[in-house]
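According to TrEMBL, the features are:
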BINDING   ILE7, ALA8, GLY9, LYS19, ASP92  GTP binding site
BINDING   ASP92  Mg(2+) binding site
DOMAIN    4-140  domain 'MobA-like NTP transferase'
Amino acid sequence: MILGAIIAGGQSRRFGSDKALASVDGKPLLDHVAEALAAQTDAIIVVGRSWPGITSIADRPTLDQGPLGGLCAALHHAQAHGFETVLTVGCDILPLPAHLPALLAPGSAVVKGQQLIGLWRADLASALEDYLESQPDRAIRGWMATAAVRTVTLDASFHNLNTPEDLAAFTKDQAA
Ligand SMILES: Nc1nc2c(ncn2[C@@H]2O[C@H](COP(=O)(O)OP(=O)(O)OP(=O)(O)O)[C@@H](O)[C@H]2O)c(=O)[nH]1
């Protein structure tokens with residue numbers, strides 16, 4: 001069973017306002033991601049914020065760990081609820097590529113910047129918690145090396161909406 005986790009507790013500093021709420025085709029960005037993720041997984045959660053209609057959990061071990069704190073919480077939640085793997089995405093990826101569980105073998109991730117699209121074994125939860133408690137820089141690449149996570153490249157194109165300009169470029173692409 002695969003748990004889909006939207007890692008969504010960021011500050012949206014570059015976007016200038018809460019990007020999860022940004023309207024795309026009349027619907028908040030996070031709802032687009034949630035819909036696409038739900039179609040590829042057995043259940044979904046949101047990590048790092050609350051969202052109507054979706055189970056929400058807080059980062060672990062504390063709230064100031066960055067996206068890996070969101071991943072750590074998702075892995076623990078998955079283990080506690082009988083999911084073997086977790087598919088993570090940010091709340092700012094559009095369109096979410098299809099068939100991610102097939103494209104990402106368990107133990108692989110697409111890492112550009114901090115976007116954290118990955119398919120992770122839930123039993124890495126304790127190892128990640130130990131990593132976060134021992135590594136002050138909380139670097140995603142450092143964690144991937146520690147956990148022997150492979151980096152993969154996806155053929156599918158998608159936008160990582162970090163700024164209003166990214167959103168404008170996505171809208172322009174859609175209209176083309
Ligand atoms: N749960 C959780 N999610 C985070 C955290 N930091 C970032 N994210 C999420 O990770 C994804 C990628 O984050 P970024 O776009 O790099 O960070 P951001 O804080 O949202 O944006 P900036 O402030 O512009 O860097 C987004 O979906 C964020 O909401 C965090 O500390 N906890």
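Using the three backbone atoms N, Cα and C, a Cβ is placed for every residue, glycine included.
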Worksheet item: Do you know the DSSP helix, strand and coil residue counts for the domain 'MobA-like NTP transferase' (4-140)?
Response: 45 helix, 34 strand, 58 coil
Practice prompt. Please give the average pLDDT for the domain 'MobA-like NTP transferase' (4-140) in this predicted model.
Written response: 92
Fill in: Site diameter for GTP, Å, by largest Cα distance between ILE7, ALA8, GLY9, LYS19, ASP92
13
Item to complete: Note down the number of other Cβ atoms within 10 Å of the Cβ of ALA8 (GTP binding site), including every protein chain shown.
Response: 28
Item to complete: Would you list the other residues of this chain near GTP - those whose C-beta lies within 8 angstroms of the C-beta centroid of ILE7, ALA8, GLY9, LYS19, ASP92 - in sequence order?
Response: ILE6, GLY10, SER12, ALA20, LEU30, GLY48, ARG49, GLY90, CYS91
Response to the item:
If you count the other CB atoms within 10 A of the CB of GLY9 (GTP binding site), including all protein chains displayed, you should get 22
Worksheet item: Looking at Cβ-Cβ distances, which residues of the chain lie under 8 angstroms from LYS19 (GTP binding site) while being 6 or more apart from it?
Response: GLY10, SER12, LEU29, CYS91, ASP92, LEU161, ASN162, LEU167
Discussion item. Return the residues near ILE7 (GTP binding site) by Cβ distance under 8 Å, restricted to its own chain and a separation of at least 6 in sequence.
Written reply: VAL47, GLY48, PRO67, GLY70, LEU71, ALA74, THR88, VAL89, GLY90, CYS91, LEU116
Worksheet item: What is the number of other Cβ atoms found within 10 Å of the Cβ of ASP92 (GTP binding site)?
Response: 27
